[in-house]
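Asks: Annotation source Swiss-Prot lists ATP binding site at Tyr5, Asn42, Asp69, Gly110, Leu111, His112, Gly113, Val114, Gly115, Ile116, Lys334, citing sequence analysis. Annotation comment: Swiss-Prot describes Glu418, Asp490 as Mg(2+) 1 binding site. Residues or ranges marked as Mg(2+) 2 binding site in Swiss-Prot: Asp490, Asp492. Taken from Swiss-Prot, the feature domain 'Toprim' covers 412-525. The feature site 'Interaction with DNA' is assigned by Swiss-Prot to Lys443, Asn446, His497, Arg617, with sequence analysis given as support.
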Amino acid sequence: MTTNYSAQEITVLKDLEPVQIRPGMYTDTTRPNHLAQEVIDNSVDEALAGFATKIEVILHPDQSIEVTDNGRGMPVDIHPTEGVSGVEVILTKLHAGGKFSNKNYEFAGGLHGVGISVVNALSERVDIQVKRNGEIYKIAFENGSKVEELEIIGTCGRRTTGTIVHFKPNPKYFDSAKFSVSRLRHLLRAKAVLCSGLEIKFIDKVNNTQDIWLYEDGLSDYLIEAVNGFETLPKKPFVGEFKGANEAVSWALLWLPEGGELIGESYVNLIPTIQGGTHVNGLRQGLLDAIREFCEFRNLLPRGVKLTADDIWDRCSYILSLKMQDAQFAGQTKERLSSRQSAVFVSGVLKDAFSLWLNQNVQDAEKLAEIAISSAQRRLRAAKKVVRKKLVSGPALPGKLADCGSQDLEKTELFLVEGDSAGGSAKQARDREYQAILPLRGKILNTWEVSPDQVLGSTEIHDIAVALGIDPDSNDLSQLRYGKVCILADADSDGLHIATLLCALFLRHFPKLVQDGHVYVAMPPLYRIDLNKEVFYALDENEKEAILDRLKNKKGKPNVQRFKGLGEMNPSQLRETTMDPNTRRLVQLTYDLGEDQGSDTLELMDMLLAKKRSEDRKNWLQAKGDQVDLSV
């Protein structure tokens with residue numbers, strides 16, 4: 001390692017180099033299926049916009065894929081600032097495309113992923129043909145670099161338009177260079193289901209098979225076929241759709257009262273969100289609100305029984321498709337939606353639609369209510385078997401602890417909240433059934449070098465240990481009182497300091513909690529942005545600028561509010577941004593137990609927190625200080 005840290009040591013990655021050096025940051029490197037999905041998404045976006053009616057996908061024996069659509073065709077004119085053709089910009093520049101405004105696409109799935117430029121970067125060769133303006137154009141790339149200039153190779157009818165993308169992934173970037181045919185077929189069929197009237201043909205030249213999908217009533221037919229053979233409630237799926245100003249949602253739902261293999265698929269702009277997200281949370285909440293209202297209106301609930309989302313969700317099979325502008329995903333591979341507004345939109349639409357359906361189909365509705373109530377009663381019986389620590393069975397619980405009612409470790413959460421004022425807001429914002437609040441007064445003790453027998457000398461840490469029901473440095477979690485421990489501190493530097501000290505406490509003195517995945521850090525927003533009737537929350541300066549950039553084409557002037565601390569938020573804001581499972585952001589505290597990674601983590605923490613290593617910290621700050629992100 002060099003001791004001189006100068007400009008010569010700084011590496012600047014250009015064009016597609018970041019993708020080729022760190023492919024795992026941009027795509028799934030297990031198999032190249034995600035590359036195919038990116039190309040297919042571009043064609044499907046043309047269908048969503050009303051310009052394409054047919055898509056053909058061919059898997060060749062050499063494990064290359066060819067995707068053809070009859071959309072508008074990629075732009076071939078010269079880009080005004082880049083000085084090269086539009087198709088070349090799209091293939092060679094990260095974050096380039098026609099979907100960053102709503103002029104070309106009302107809804108688009110291709111905007112928020114890695115884009116076709118990453119397909120180019122990770123492929124041995126990419127050949128593009130474009131039919132546009134009555135002419136056929138061709139351009140080719142190898143390993144991300146252009147090898148054939150854009151040229152006209154023929155003519156076609158002026159109304160004949162479209163794009164052909166033929167690419168062969170580079171095997172060195174993937175664990176297996178072979179496409180998963182089953183996943184590819186499932187993806188294509190789902191696209192056809194979700195985009196009524198779109199014909200999709202899949203030609204598998206490896207296995208010599210061919211499929212054609214065209215659905216006019218896609219969601220209902222697809223769900224019925226998926227649960228074929230099982231008893232369903234209702235007999236025909238509960239289906240519906242609704243289109244708002246900037247969002248549209250469609251769904252199909254069935255319940256399997258006698259059990260069976262449940263189907264749960266969600267999509268955003270026809271992109272499969274395998275890990276769900278805020279739109280699925282909204283679906284759960286909408287169903288819960290409607291069934292609760294139905295049961296209360298008809299006096300169906302036994303005394304002491306309160307329904308939760310899991311009670312109505314337990315045997316539900318669903319297909320959910322959301323189309324929205326400015327969708328935000330967690331990660332480049334778009335497997336989880338994180339847009340907060342989608343939860344509110346979907347839950348509101350589903351609550352109204354499901355309430356109407358319940359009251360129009362009373363016989364089926366009462367059977368559903370019976371299933372949900374039975375689930376709730378089973379849950380309550382199971383909870384009674386878990387005995388909470390009482391005053392007579394151990395140390396008295398901290399007086400400032402606002403405990404929750406449930407004993408279900410799958411759902412209970414303890415929030416460690418910075419400051420009494422924020423603790424007061426959190427107590428009002430919480431779900432009393434599942435969420436407990438323990439306010440902390442100021443910065444806790446730095447316990448990194450404190451011995452286990454002395455760590456409980458700190459009142460704050462003693463309260464944390466008693467509230468959790470476990471002793472420091474113990475591997476016995478049998479008396480653990482909460483399934484999640486959530487650190488909730490301000491988004492400023494002081495809050496980050498407190499969160500760091502708490503993370504150090506758990507890593508050093510409660511390592512079993514961390515290893516078993518019980519510790520989380522809440523991510524409260526630093527900014528609130530209001531424009532007309534829309535509200536957005538930004539985690540940091542970069543996210544604020546990204547939101548403002550998206551809003552600059554909308555009418556009105558955004559109002560930006562910076563939260564100085566959690567105490568500034570009213571309970572409803574705190575709940576929406578930080579405590580509501582449907583809309584909050586939580587980051588799980590983990591560290592790799594592997595021999596190298598685990599020791600590296602502990603070494604870094606020791607350097608940052610040990611009092612005797614001030615000189616090491618000074619040297620580290622001198623070397624890394626230019627990377628700091630300061631909010632002044």
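Backbone N, Cα and C atoms are what each Cβ position is placed from, and that goes for glycine too.
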Asks: Spatially, and counting Cα to Cα, which of the recorded positions is closest to Asp69 (ATP binding site)? Options: Lys443, Asp492, His497.
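Replies: Its closest listed neighbour, by Cα, is Asp492.
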Asks: If you skip the near sequence neighbours and keep only those at least six away, which residues in the chain come within under 8 angstroms of His497 (site 'Interaction with DNA'), Cβ to Cβ?
Replies: Lys443
Asks: Considering only the recorded positions Glu418, Asn446, Asp490, Arg617, which residue has the minimal Cα-Cα separation from Gly115 (ATP binding site)?
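Replies: The smallest Cα gap between Gly115 (ATP binding site) and any of the recorded positions is with Asp490.
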Asks: Taking Cα atoms as reference points, which of the recorded positions Glu418, Asn446, Asp490, Asp492 is nearest to Arg617 (site 'Interaction with DNA')?
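Replies: Nearest candidate: Asn446.
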Asks: Can you tell me whether DSSP puts Glu418 (Mg(2+) 1 binding site) in helix, strand or coil?
Replies: strand
Asks: Pull the DSSP breakdown for the domain 'Toprim' (412-525) and write it out as helix, strand, coil residue counts.
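Replies: Counting residues per DSSP class in the domain 'Toprim' (412-525), I get 46 helix, 21 strand, 47 coil.
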Asks: Rounded to a whole angstrom, what is the C-alpha distance between Asp492 (Mg(2+) 2 binding site) and Glu418 (Mg(2+) 1 binding site)?
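Replies: It is 12 Å, counting Cα to Cα.
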